[in-house]
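Q: Structure incoming, see below.
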Amino acid sequence: MARRLFLLLLAVTAGLSLTGTTVRAVGINWGTEASHPLPPSKVVELLKSNGIVKVKLFDADPKVLRALSGSNIGVTIGIQNSMLKSLNASVKVAESWVHDNVTRYFNGGNRVRIEYVAVGEEPFLQSYGNQYKPFVIGAAMNIQNALVKANLANEVKVVVPSSFDSFLSESGRPSSGHFRADLNKTMIELLSFLTKHHSPFFVTISPFLSFHQNKNISLDFSLFKETAKAHKDGRKTYRNSFDLSYDTLVSALFTIGFSEVDIVVSKIGWPTDGAENATSLTAEAFFKGLIVHLEKKTASLPRPPVETYIESLLDEDQRNLSAGNFERHWGVFTFDGQAKYNFSFNHKNQVNAQNVQYLPPKWCVVNNNKDLSNASARALEACAVADCTSILPGGSCSGIRWPGNVSYAFNSLYQQNDHSAESCNFGGLGLITTVDPSEDNCRFSIQLDTSHSSSQTPNFFQSWPLLLLFLLSGLF
């Protein structure tokens, strides 16, 4: 063990001269899983006005890429997991994808500064099993070959975002870090590919999930508080959760022979709703601590990430909830581009999205003059298809009582369906009002008025776990 620790120390110390001691850039993830997404042109204005110089996308939406043209923002475009099998099977499919989603944006004066193609979105997530893993390396190779054929391989690098659970240490000590046993062979293949083509290793670091899943990780330790109890590993002392996870990854890379690969933290964040300690105050404390920590020269990070991408720009009311109700609340900004807390990318004041177009100031609430014996059942129906995560335990609206929480559910469906009168019927129990029913910190939102509105109900099978939670928690 002592020899292994010594070799690991040599490896990370050697990296000091290769990567420097400060983070090169902080970017942000821009997801679009929203029923009423903020128009891409508004989002690009938001990025530029807040000094955000890099953005990571989860797909290659033409509307988004057109909005980014000429912005000089560094862009990572994503390939969804559902495409991996076909990309692995056919070079022609990969060439077609590169032509449609990369090459066309390099032509003309308003080009998009595409820097990376991310093959898959955390395809090694443990809950996926072998659903995507067999196709990842082949898909990445075919995309790489397609970029070579298009004469773009020197400008655009191929990467594969790895999940927070792809590496671990059963003992909790970073020096014992390793990749999951079922991933070892795949990781060696992936890292060999990345090293050959001078591409970085993209990976999620999640102090928030570490805090929620590990009773030995305190909130203060997660938020970079100086008062946090330190964790020791041999002679090394860890004073925050980020360093603990990051060095576990460094050790895992060293263990399989890739200690010098550049690391990009492709996702790191703290949600503001949907779970205990998921608040604007804790998110602000986390990000301020993170940025200060990444910017300062510190011996605790001898090989800092070359880039870091915050999760995420905006809240998204259509995100899958399998990981938790907080999934729809990662945004630094609300769904309509309004800052949730004081945090700056460029050491200046935050700038909100400007001239946002909303639906008229109307809400749907429960009609207290009706027989409400069936109101709870109607609220459950609404929450099966609309976003009600804020009224679940730990949410920002969990404190409002019945029938206020019923009104919240009614309004969520009403807003999602663009104020259609039918969506506020609920068997005669709904009432459309122009009086804002918001209570204290519980905001009854008005949706965006945008031509990009989907006005559709989410897949019920995506929402049924939330419905089950409502039934079990007895909120209604």
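In case you wondered, yes, glycine gets a Cβ from its N, Cα and C as well.
Annotated signal peptide per Swiss-Prot: 1-25, in sequence order, evidence recorded as sequence analysis. What Swiss-Prot records for ASN88, ASN101, ASN184, ASN216, ASN277, ASN320, ASN342, ASN374, ASN405 is N-linked glycosylation site. The active site, proton donor annotation in Swiss-Prot covers GLU122, and the record cites similarity to another entry as its basis. Taken from Swiss-Prot, the feature disulfide bond applies to CYS364-CYS424, supported by similarity to another entry. According to Swiss-Prot, the GPI-anchor amidated serine annotation covers SER453.
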Q: How big is the Cα-to-Cα gap, in Å, between ASN184 (N-linked glycosylation site) and ASN342 (N-linked glycosylation site)?
A: 41
Q: Restricting to the same chain and to sequence separations of six or more, state which residues have a Cβ under 8 Å from that of ASN374 (N-linked glycosylation site).
A: GLY427, LEU429
Q: Quiz question: given the glycosylation sites ASN101, ASN184, ASN277, ASN320, ASN405, which has the greatest number of C-beta atoms lying within 10 angstroms of its own C-beta?
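A: Top count of Cβ atoms within 10 Å goes to ASN405.
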Q: I'd like to confirm something. Which of the recorded positions, ASN88, ASN216, ASN277, ASN342, CYS364, has a Cα closest to the Cα of ASN101 (N-linked glycosylation site)?
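A: Result for ASN101 (N-linked glycosylation site): the nearest of the recorded positions is ASN88.
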Q: Excluding near sequence neighbours, so keeping only residues 6 or more apart in the same chain, what lies with its CB under 8 A of ASN216 (N-linked glycosylation site)?
A: GLY172, HIS231
Q: Counting distance between Cα atoms, which of the recorded positions GLU122, ASN277, ASN342, CYS364 is nearest ASN405 (N-linked glycosylation site)?
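A: Nearest by Cα distance to ASN405 (N-linked glycosylation site): CYS364.
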Q: Near ASN88 (N-linked glycosylation site), which residues of its own chain have a C-beta under 8 A away, given they sit six or more steps off in sequence?
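A: PRO134, PHE135, VAL136, ILE137, GLY138, ALA139, ASN142 - these are the non-local Cβ neighbours of ASN88 (N-linked glycosylation site), listed in sequence order.
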Q: Could you state the whole-number distance in Å separating the C-alpha atoms of ASN320 (N-linked glycosylation site) and the residue listed as 'active site, proton donor'?
A: 14
Q: Ranked by the number of other Cβ atoms within 10 Å of their own Cβ, which of the disulfide-bonded residues CYS364, CYS424 ranks first?
A: CYS364
Q: Do you know offhand how many angstrom separate ASN342 (N-linked glycosylation site) and ASN277 (N-linked glycosylation site) by C-alpha?
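A: Each residue's Cα considered, ASN342 (N-linked glycosylation site) and ASN277 (N-linked glycosylation site) end up 17 Å apart.
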Q: With every protein chain in view, how many other Cβ atoms are within 10 Å of the Cβ of ASN342 (N-linked glycosylation site)?
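A: There are 11 such Cβ atoms around ASN342 (N-linked glycosylation site).
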